[in-house]
Amino acid sequence: MSISSSVAVLNVVQVSPPTAPVNNAFQDRISLTHFDLLALRAPPNQRLFFYETHLPISAFAETVIPKLRDSLSLTLQNFRPLAGTLIWSLHSDEPYIRIKDDDSVPLTIAETDADPQKLFDDPFQQETDLQQLLPPLRVSETEASLLALQITLFPSGDICLGITFHHAAQDGASLALFLKSWAHICRHGDDPPLPQNLIPIFDRDFIDDPKNIKQLFLDHLLTPLTPGGPRNRSVKPMEKPFNDRMHGSFRLTVDDIENLRRRITSLQVQNTSQEPPVRMSTVVVTCAYVLTCFVKAGLTKKHVRFILPADLRKRLQPPVPDNYYGNCVFGCTVDMSSDDLAGQDGLVVAAKTISSVVSELDANDHRTFFENFLLNNTISQEETKVGVGGSIYFSLDEKDFGWGGPKHLKNVPPWPNHIYLAERRDGDKGVDFCLMLAKQEMAEFESKFLDDLKLLEKRSC
């Protein structure tokens, strides 16, 4: 369904936190950790949350927008750095978030005559269409905003909350914390006190760096673009390497996941040389299956570099609080052969390899992983990079602004060949994920994905 020509921007409101901050710990800047630097130039992350308000159209301007705008301002009392600016000046050894009294977050107000149900019913959309529901960040080589929001009204009274954020300021867990806090304030009204678990911690001292990993990344980032050129202080995110791709939504049901587990176990019994996977978690099983579908659909080259992000908040010593705001994620990287993944034991190979690298992350010094990342960050011509984003462990129901949780969610992957896991409703044991691929590639993947699920179902009968 094409909606690109039907979205009209009505207004852009600059929303500032109240003049008197409730958190006096905020100074004029916040430093970045090595986890933040890892994402300094990554493409912006984007989310689309669709809500049924059950309100008349007239309430959009009279009630919905004022409520969202005012609660956003109150939320920024505790999340003040999100209204700041990421900069890397010529006089600074490192980038930082600058905080000023006149900082604000842009809130775009838009409307469309598109039918949202058609958008939900069709699992495939053009990426350019979805971008019409998403606001841009203000970015340049020297400065970048951290957050932009857009509210779009549909004729049915449904609304879409579009979010674009700079990854250097926050990871998925931090964004989820911000949205839960905003939703809590919006839902309760009149500046309610936030529960302690919804108050962010921006103190960078929680990220211990005794081996100076941060300097490794600063040296890497400052490398001149050309030999003998100036040191590279750009904070501009990379542009997405595609704008003509299809966005595809897929789902693995509880039965699908159990069938996959049984298939892995069966293959292990047949091949005694293979050790059982260290983990049979839902994420490992899902990623293993999707990765083998990628390979069987002919979407990879001779080798695959698979990147699975791991939240290190509880893995660091000492552990980092759950409400720490920033990045605390590292991508576990492992190389695999496409021939091995396409073979009869491909599902086992993928599951075992993915689970083992996570176990290795638990047991090893994190500096080693960062050093290996810098040494092996280039992709050869015979290698395809397949990454994972998002999380199934964030709850959609916690994003209730007063109209119930989102009816639908669409993540917009920042990279091609990126498996983006979606948040789930409480009690949902299935997995939704999305991909961004060229139209023909999407058709090939869908065919292999569905056909192999049917084979698994027959084997389980």
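Cβ from N, Cα, C; glycine included.
Not measured: the values here are computed from a predicted model.
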167-171, 257-261, 277-281, 302-306 - the one Swiss-Prot records as motif 'HXXXD motif': 167-171
Annotated range (Swiss-Prot: motif 'DFGWG motif') out of 25-29, 65-69, 70-74, 400-404: 400-404
Alpha-carbon spacing, Ser281 (malonyl-CoA binding site) to His167 (active site, proton acceptor), which is rounded to whole Å: 27
Those binding-site residues listed as Ser281, Thr282, and which of them has the most Cβ atoms within 10 Å of its own Cβ: Thr282
DSSP state at Asp400 (active site, proton acceptor), helix/strand/coil: coil
Three-state secondary structure, His167 (active site, proton acceptor) (per DSSP): helix
Overall pLDDT for the motif 'DFGWG motif' (400-404), taken as the rounded mean: 93
Helix, strand or coil at Ser281 (malonyl-CoA binding site) [DSSP, three-state]: coil
Cβ contacts of His167 (active site, proton acceptor) (under 8 Å, same chain, 6 or more positions away): Ala39, Ala42, Pro43, Pro44, Asn45, Pro237, Asn327, Pro414
